[in-house]
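Before any comments, here is the structure.
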Amino acid sequence: MPAYRNPTHNFTYVSSCVKYMIFLLNFIFWLFGGLLIGIGFYAFLDKWQATGLIKLETFYDIVLNISLVMIIAGGIVFVVSFAGCLGALRENTCLLKFYSLCLLMFFLCEMAVAIVGFVFPHKMNIVLEESFTDKIITTYRDDPDLQNLIDFAQQEFHCCGLSNDGYLDWGKNEYFNCTSPSVERCGVPYSCCINATDISSGLVNIMCGYHIQQQSVAAASKKIWTSGCIEIVRVWAERNLYLIAGIALGAALSQLFVIYLAKTLEGQIDLQKSRWSS
């Protein structure tokens, strides 16, 4: 006769579905964080070898260093998602509490930025202009990654410069300043040009923005985009407000859902521990 087996012997409060859902989601983000670190580190070393010097003296030097920002962001994602992975897999409540607390802090920071941007859009524009415009413009050409980002933004958003001064912002750059001995003096980057690429040859005319600063806005607007990028991006955001709000809401709800899963798993683990102790 087979031995009697207690049906509650293998019972557990911990849901495998919740446990492995948290693990899988965080494993994906853990890989993504590692990828960001790898790309950022490669770009940082490549820039180091190309320029021989990377200045990290001020807050702006760090924020505007794209490769370093990728390393920092990747490191944060890597650590937090690793805590979620290990906490779910090993049913460790300390790691899960750390994980859910980090997600809650990210969520609150995102909400604060979104509220400030929605309630005070013009003041936020002023803050961005005063804080970053001069630094970004003056470091153009000194940082290859930042230069590529600026050129991409100007081409995609059809803008030139950052502030309300538009294309005249480039007068603050040592290469484009009218007192510069450079051949680019009084000019703007080719990414400001309306037709920078020659249709017949397919080549980019890097000289299309030369001496544009000496022309009036009416004359310059025939050759280049004259409006600053911050204002153009603000207008674009207002036109696509519902799309941006939908994406932001989806991201916020996803974060809240993952926090809920983590807290649910914490509660289940505590119940299981109390069952074992009793």
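The backbone N, Cα and C atoms fix where each Cβ goes, and this holds for glycine too.
Annotation comment: TrEMBL describes Cys160-Cys178 as disulfide bond.
The transmembrane segment annotation in TrEMBL covers 20-45 (among others).
As annotated by TrEMBL, transmembrane segment applies to 66-89 (among others). Cβ atoms under 8 Å from those of the transmembrane segment (66-89) belong to residues 19-20, 22-23, 25-27, 29-30, 32-41, 43-44, 47, 56, 95-96, 98-99, 102-103, 143, 145-146, 149, 262, 265 of the same chain, restricted to positions at least 6 beyond its ends.
Listed as Cβ neighbours of the transmembrane segment (95-120) (distance under 8 Å, sequence separation of 6 or more from its ends, same chain) are residues 26, 80, 83-84, 86-88, 248, 251-252, 255-256, 258-259, 262-263, 265-266, 269. Summarising the annotation, TrEMBL assigns transmembrane segment to 95-120 (among others).
If you look up TrEMBL, you'll see 241-262 (among others) marked as transmembrane segment.
Of the listed disulfide-bonded residues, namely Cys160, Cys178, the sparsest Cβ surroundings within 10 Å are found at Cys178.
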